[in-house]
């Protein structure tokens, strides 16, 4: 690590300095270094761990290359991903081998060869399906993927997302020196600590590739945090200055191998804000805690009841059997369903205060209501009296109806007060109308099968399965 | 009355024909005529009543003219108003004498002479103050006003509203024949029957002058109703085709003596719609009931409780000592206060379902709430995280506050959930914050003195004073 203690911004590519105002710059710097050392102790793989991984990876790569060239003399194998680039965190055990075939090969043959090479490399492995099939297996404790792809001239020629990976790998390998790789590991751990790491659709955070790109672009962990502290979204990075498309996302990092792709497309506004928040907090007062993912104790029934009492709201849960989907499919559907339920409740006057979705064996749409009861009547505005036929029809229909108040006149319109369809949120959620709100397709199917509505203290029954999620909900942090 | 029975529209100035579809045109026409006869029996003053009024009015006019010319030889006296034009309804007892002085006279002298003439005419009379002072008294059961004004060349030269009255009078006298005058009486009674008669600021309906103008313009009661049936506001009448200003009002009747004045300015959209509604109803099925003002029985405590039960809402009343104001001052203040209270409640999440104001000895602002309780917490959105100083200030302030939930991040913002100031409508209405909502000035003063808040069944205490108003509120009609 650089050891300068000069104040203010610096051109050094790796290490700006904190602008702490307490304890003096030298103290601040010492504190920062101590924290970073502790973190590196934790995240840097030791020589043994490295050696073991290297040995296994090389052996498997050789085996794969031999099996590949047997079938297609022009094939080769590249190791990709964080373990190939030394940006993996101690304890990570992913080895990714990409088997590249010439682009002249047709896709069917590529898949056939790919699987054959995979099985030859990982005799115990099994097939999985992403954009196309590949083989996954475990070797000496490492999780190994053997993925076939095309070897192309340019990343813009790619036929599927996996073809892009080798280009990313070369791009980063050319730019990551030992210090930057070390800072990538620290940054990843920081993002894990604050809950913003991962481009899966549950987290919608920072992917590994995005993290490496940001560290390269800003020149290290500390300059990245110092920049993030001052970010004003939309933040746009374009390492190759070749961006061609425009994006709505709060963070835009143009893929150095593809001018039309935003590497940060999946990263939510909340995670960008979260990173900015914790960058400020950490730089102001460095601590190892920021690198430690929160592991909240499940909420106890007593604490749950205390929150209910203190908040005075009415939490309502729709619980169903979680559809059997991978998280990247499940969470978007849960969010869509939660939006639908929220909109449906709000439209009926049941004010939603906050809401969240949870899934384990059960799926849960949790809506916390500020208003869970409405009166027995609702206003029903008719047409302006001057709209001839329509007005007369409205008046006659409701004048003859003993169950409505009115019609009377307000402003230029007929108004009646009629019986409200649902006077409690529970009635609405237990009715067929729940299926009109725009649910995710698989969630809808699951609800058609079976669901139950829990209100208020009945949610205590969720604590066993979702105690952690409920603590996060009721004791929210940035 | 015209006796044609031809179907459809007619050019006859007085009498179109109903286009009833039941019972045949001849039956409809017979029914219509029978109803009209019954109404005219009720509203037309009989010869005796006329004779008595004429005798008193002439005697007082002579007395006034003599007293006026004593002081100013160029003065004269005109009888104005409905009793002068034969458009008064049997039982009306208003005699209006306007004493006109030449415009050269200065205002002080006009007022002095005017009061002197008034007292000479009405020895038992007393002074009242409108735009300027006049004398009011009772003579043989008639209510007599003696009002001084300037005699001007043109109504556009007027110096105060009273100067306009003689011009209105001449305009109508020149146009109202006996049949039209009879139709004015019928129309006035119809407007009284449906509750839309009177340009006072409590009613905001059709003034006498407007009624006469409408009957003249459309050629009678029936053609007026037939036209109103098809009105599509904004409805604009300009008898003298000299209108110069534009108006927002739903009904515009340009003053025939003043191109910049809308005679119907005070007429509310609801009263225009009401007139249209009842015109349709009456023409479809004529009945004398339309000419009989509703005189609802006061709401009983049992009926009140039944409405509470059936509606499931929470009525809340602010009761205070009514300020000592004439209705034209009081009602605009009550409406302003009611708007303010409604806005204040809505802004705090207490959804107002419907509302009204009432006044007798007490003033009452009645707001019926769909939601009268809110949870103990409220959302408090902070700045976007990227707004440097502001965001940091918000975070630090609330992070240190043990009484809030959060700050947490939603989208790009900090959000906290903090204690709500008022969890019931009563708390808000009983607090000092009630005085921030924009009350009418005299209502505010009255509330500063004393008020009480009644909720739900406590409103039973209003039934004695406001039983009729509460029936109209809970059993609304067009």
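Numbering starts at 1 and runs along the chain as displayed.
Here the Cβ of each residue, glycine as well, is placed from N, Cα and C on the backbone.
According to TrEMBL, the ATP binding site annotation covers A:82, A:85, A:168, A:188, A:197. In this structure, residue A:188 (ATP binding site) is part of a helix by DSSP.
Other C-beta atoms found within 10 angstroms of the C-beta of residue A:188 (ATP binding site) number 25, with every protein chain shown included. TrEMBL lists A:82, A:85, A:168, A:188, A:197 with the feature CTP binding site.
Marked as Mg(2+) binding site by TrEMBL: A:94, A:96, A:145. Listed in sequence order, the residues of the same chain lying 6 or more apart from residue A:145 (Mg(2+) binding site) and placing their CB within less than 8 Å of its CB are A:94, A:95, A:96, A:97, A:134, A:135, A:136.
Here TrEMBL flags A:1-10 as compositional bias 'Acidic residues'.
Taken from TrEMBL, the feature domain 'Polymerase nucleotidyl transferase' applies to A:71-168.
With helix defined as DSSP H, G or I and strand as E or B, the domain 'tRNA nucleotidyltransferase substrate binding' (A:183-292) counts 51 helix, 15 strand, 44 coil. The domain 'tRNA nucleotidyltransferase substrate binding' annotation in TrEMBL covers A:183-292.
The annotation domain 'CCA-adding enzyme C-terminal' is assigned in TrEMBL to A:311-456.
The region 'Disordered' annotation in TrEMBL covers A:1-33.
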Summed over the domain 'Polymerase nucleotidyl transferase' (A:71-168), the DSSP helix, strand and coil counts are 31 helix, 33 strand, 34 coil
I'd like to know which of the binding-site residues A:94, A:96 has the most other Cβ atoms within 10 Å of its Cβ.
A:96
If you measure every Cα to Cα distance among A:82, A:85, A:168, A:188, A:197, the residues said to bind ATP, what is the biggest one in Å?
19
For the binding-site residues A:85, A:168, A:197, which ones lie near chain B, with a CB less than 8 A from one of its CB atoms?
none
Stretch-averaged pLDDT - the domain 'tRNA nucleotidyltransferase substrate binding' (A:183-292):
96
The correct DSSP tally for the domain 'CCA-adding enzyme C-terminal' (A:311-456) reads 54 helix, 52 strand, 40 coil
Can you check which residues sit near residue A:168 (ATP binding site), meaning Cβ under 8 Å from its Cβ, same chain, 6 or more apart in sequence, and list them in order?
A:80, A:209, A:255, A:257
Output the one of A:85, A:197 that, of all these binding-site residues, has the highest number of other Cβ atoms within 10 Å of its Cβ.
A:197
